[in-house]
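Student: Below you will find the structure I want to go over with you.
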Amino acid sequence: MKKLNQRAWLFVTPVLLLVAFNALIPMMTVVNYSVQETFGDNLFFWQGIDWFEQVLTSERFHKALGRQFLFTFLILIIEVPLGVAIALAMPRQGFWVPFCLVTMALPMLIPWNVVGAMWNIFTLPDIGLLGYFMNHTLGIPYDMTQNPFAAWVTIVIMDVWHWTSLVVLLAYAGLVSIPNAYYQAAEIDGASGWAVFRFIQLPKMKTVLTIAILLRFMDSFNIYTEPFVLTGGGPGNSTTLLSIDLVKIALGQFDLGPAAAMSLIYFAITLLVSWLFYTLMTMNDNKS
Amino acid sequence: MSLELKNVSKRVAGITHVKETSLTLETGHFNVLLGETGSGKTSLIKLMAGLDSLASGQIILNGRDVSGLSAQKRNISLVHQFFVNYPHMSVFDNIASPLKVAGVARSEIEGRVDEAAGILKLKPFLNRKPHELSGGQQQRTALARAIVKESDAVFLDEPLANLDYKLREELRDQLPELFAGRGAVVVYATSEPEEALLLGGQTALMTDGKVVQFGPTADIYRKPRDLDAAKVFSNPPINVAGVTKQGERVILNETTSWTLPGAAATLADGPYTLAIRPHHVLPVETPAHSVRLSGRVLVTELSGSESSAHFEMSGQPWVSLSAGVHPYQVGEVHTFHLDPNHCFFFTPDGTLAA
């Protein structure tokens, strides 16, 4: 019998080590915390699934989760159609193409905490450009540090400003890859502009749009920096999204057990929704 | 029915894509546009289809001036080199798409799609999506879309170029009967001279954005008007060499000259350009192939039933194409035999002299 060559293990070891240190070990530490009560001096007491029960039944978690879904839903419903519309309006060739592409990419190049700080200053009622204009020129009361609705409008618009470009660039990449022959065929058939969009552009953009929506879902569902810098979760708890709440529990209250349980639940929800979405979007393709 | 072009031209950003062209294309046979890539075939088709606007001239379809009309209002069909179908519609819906836009009744659509699918052997695939079909089936779907519409003119822009050899032959055999009796003016663009000979009732030879010759395919094959036309209508490329006529003889170089047969003998003395198709230069002597050429063999190619040899003679490249397999030795001097009855002679300005 031929002797098995075990040398392959040697070659995968570096990758295994890397994955272990940057994913598996931190993740298992979280699992470790989530089933124990932790005191100082590394004292641990077994708690079983108590923390999970506590998180899943807590009203605070339900509310944060609800806000999180609302936020993600709002930005997706705005950014995806808006991004596609902008991509459709962009020129396909000529002098303005690089100009449009660079302009579009700019918001994405700004560090996230800078985005938060920028919008914070922008909306200040006394000195901010937008805040002053709304309050003093138009006379519309607008203060996101006082009014939950104003805070929501601001974080949603901030995210739309920051991330619509991603959808635009991906949709644009899909659009420019459509050969001219398709448009000519549609022209000869006498198809309307809507029909061209519905039957040529949208189907041809489907793959990149699936990726765009998936990326935007995951990113917005895990969003932390920008709303933290902008509103700090307030006023009250009105813009406390899941990750902000998580950090409050873990670092503010130092409740490591519940925070670890919440992280795992959070992770599971993100994974589940992403999987559901991807499966639904690609179901038709795999039927054949 | 006919499609008439009157002094049609096309310029984009100062560059002329189609030079002034006048053609009358008729129904009942294939009208082939033959030319190399970049010769303006597709540009001309886009003008005729109404996908591009004219810089000058008029286009008359069945007596109606359609110059200013959009593609949609001209009642035409176009089949591309690429397989263009609506990606997420079934084959049935794809074939039905022009009828649906035109507002044809559902019951009639079903009948007409069924007929077109039957002719093109697509009936088993009507419920499939284009990406679930082979290249040949995808192109047949596009062809079915073109015939179901009952257009006044059908443009086929190198429709077989992206198909493999066997499918290409099969579809090419079907094409003439597909459009026979439909009354549409059929325009077929190709870069392959053999396709023009197989399909073409009439052929228009194109180079450099202009039609250099138009007429019954066999006629222009036998009598190219000028050197450009002769070059377009030959594959492998036609052999071209400068010669001098003196009395009854034509002199190719110091060692090669021969007595001119037929009409060429009456030409005035002086310099001419000789052109002869590769299959009239053979590696063996026959009674007809009586003129000997000595050349050093550079490259040989074997394509099953034919052998071709590229050879060099007094600094000029030549090609010989012959039936069967010939054992050439690359780098060695070989004697080839030219048929003096199939030589074209062009005057220095390029027009056919004999």
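Quick reminder: no glycine exception, Cβ is built from N, Cα and C everywhere.
Remember, TrEMBL labels are computer predictions, not curated facts.
Below are the features listed in TrEMBL for this protein:
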DOMAIN    A:65-277  domain 'ABC transmembrane type-1'
TRANSMEM  A:69-88  transmembrane segment
TRANSMEM  A:95-112  transmembrane segment
TRANSMEM  A:150-175  transmembrane segment
TRANSMEM  A:207-225  transmembrane segment
TRANSMEM  A:256-278  transmembrane segment
Student: Restricting to the same chain and to residues at least six past its boundaries, which positions have a Cβ under 8 Å from a Cβ of the transmembrane segment (A:150-175)?
Tutor: 71, 74-75, 78-80, 82-84, 86-88, 90, 92, 101, 104-108, 110, 112, 115-116, 119, 123, 142-144, 201, 204-205, 207-209, 211-212, 215-216, 219-220, 223, 226-227, 230-231, 234-235, 238-239
Student: With a Cβ cut-off under 8 Å, give me the same-chain residues at least six positions beyond the ends of the transmembrane segment (A:95-112) that come close to it.
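Tutor: Residues 86, 118, 161-163, 165-166, 168-169, 172, 225-226 contact the transmembrane segment (A:95-112) from elsewhere in the chain.
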Student: Taking residues 6+ outside the transmembrane segment (A:69-88), which of them lie with a CB under 8 Å of any CB in it?
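Tutor: Counting only partners 6 or more residues beyond its ends, the transmembrane segment (A:69-88) has Cβ contacts under 8 Å with 104, 155-156, 159-160, 163-172, 174-175, 197, 201, 205, 209, 212-213, 216-217, 220-221, 223, 241.
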